[in-house]
Structure formats: C-alpha cells, structure tokens
Amino acid sequence: MELLQTIAAVRNYVAAARQRGLSIGLVPTMGYLHEGHLSLARAARQQNDVVIMSIFVNPTQFGPNEDFARYPRDLERDRELAAGAGVDAVFAPAVEEMYPAGYATYVQVEGLTEVLCGASRPGHFRGVTTVVSKLFNIVQPDRAYFGQKDYQQALVIKRMVRDLNFPIEIITIPTVREADGLALSSRNKYLTPEQRRSALSLHRALHLGSDLIKAGEREAAVVRRAMEKEITAWPETRIDYVAISDADTLKPLEKIAGRVLLALAVWVGNTRLIDNVVLEVND
C-alpha cells in the first residue's frame, strides 16, 4: 500500500490509474480508524479497481472550543488497518498542504447545514464541504463512501455534489455498532467505563422512539419527550438535540409520516456523540 502525502503525488497516482482505465473509489476519513471506516473501505474495494483513503484531521470543521488538538491520531496503526481492508493508497497530507498560507475559499451548502449538528456547531459543515470538495478535485474519484452515522453530513455532501455537478456517485454505508448497540466513533475512546455505559442512552433512545412509532404514535412531540427522558435518566448525559425530521429535507416534523429521521446528539461527560435511525412510516 502506498502512502501519499502531497497533492502532486496523489495526482500522479490517479493519472497512472486513469491511463490504465481503472475506476477509483475514495474513502474520506479523519483517521483513528475503526470498523465503521473499514466497512467503507471494504465496500469501496468491491466496487472499484483502485481504493484511495484520505486520512486528514480537518481543522476547518472544528469550532474554536472543540477537540481538534486532542482528536486521536495514529497514522501507523491506520495504515495497517487500511491495508488490511484492501486500501491501495492512503493520502495523509499535512494541514499546510491542504490549507496553504492565505487560504480564503470555502464551500457552503445552505439550508441543510443550519439545523441539527449545524445549529450547535456553526461553521462545521462549511469545513466539511470545503475539505470534501478539495478531496474530490484532487482525487477525482468515480465513487465516494460515507457512513450513515453521519447522516446529515452525507445528505449535505450529496446536495453539494448535485449542485456543483461533481461527476461522483456518493454511497452511504450502514452504521456499524458494538454488540450492545453503541455506534462506532473515533471519539468513543474519550469515554471512561462509566461514560461508556451512559453512551448506550443514544441507542436506547432511538430504539424507544422507533418502537413508539411502530406501535402507532404519530405525534413527534410525544416521541421526542420519551427519547429525552430515556437519555437524561443516565448519568453524565446532556442533550444537544433530539430531532424527528423529514429524512430528505431535515425539516422538523410535528406529525410523523413518510421517510423519517430520528437523530440525536448527546454530550456524555465532555464527549459529544451522535446517532440516528431512518424509518419508513407509511400509514
């Protein structure tokens, strides 16, 4: 497996693959890989001739008081895991390579980015869409792979791809979970054993909300209150949001119908975790 650290090196690598008529799949990550990332890589491996994974902790998607400095990094470990999942090349640039001095251009999707995670993390999605559009320009893949756990992010990127005419297919892969239901996240490593138990509140709340809807409850406020009650029953939890939204527009629902997104963000101690589930509600 190749390690590429400059944009020029990636362009050369991609040009050689294209000369041979090979298709390219891109798996964008911030590293500290877990089984969720590896499931993206394996899907890319099945569907493309060449798989490139980017590993870049992107400073522009972190707010001033967020965890950019302490976000876990371990490139050697990541390279081994990526190789094991069938990745052909890892692109791991320095910050200066992606954002040289005087960098001043940003990509912003409006509307979809102003709710849910966008409401509590202003500027976050601007950073995501900027770095992803840069990666798309550098790698020019046929397909790019994102996880369902970051549902809003995937939706925003699909909108960006449509609006800016990127000739790239966006593929979302189901959330990978621990045996007890906790969604895999690089940030789970911040949790103490007690907090790890409290982190189960996210999955439990989604389960509860889904069960209420399947049993016929159609008032979003009733379902949301039940989910909030489940979360706050656990120690060290603090709700950022619990939302019941249209899965395509992210607009909040009062009456539950159609493709419905149950999404939540919860602080467990000093760690912010997210999770979601999508339901088809056709009465």
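Cβ atoms are placed via backbone N, Cα and C, with glycine included.
Taken from Swiss-Prot, the feature ATP binding site applies to 30-37, 147-150, Val176, 184-187, supported by sequence analysis. Summarising the annotation, Swiss-Prot assigns active site, proton donor to His37 and lists sequence analysis as the type of evidence. Annotated (R)-pantoate binding site per Swiss-Prot: Gln61, Gln153, in sequence order, evidence recorded as sequence analysis. As annotated by Swiss-Prot, beta-alanine binding site applies to Gln61, with the evidence given as sequence analysis.
A map of Swiss-Prot features onto the structure.
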residue : record                    : CB count, 10 Å
Met30   : ATP binding site          : 18
Leu33   : ATP binding site          : 26
Gly36   : ATP binding site          : 21
His37   : active site, proton donor : 28
Gln61   : (R)-pantoate binding site : 21
Gln148  : ATP binding site          : 17
Gln153  : (R)-pantoate binding site : 22
Val176  : ATP binding site          : 18
Ser186  : ATP binding site          : 18
Distance [Cα-Cα, Å, rounded] between Leu33 (ATP binding site) and Gln153 ((R)-pantoate binding site): 18
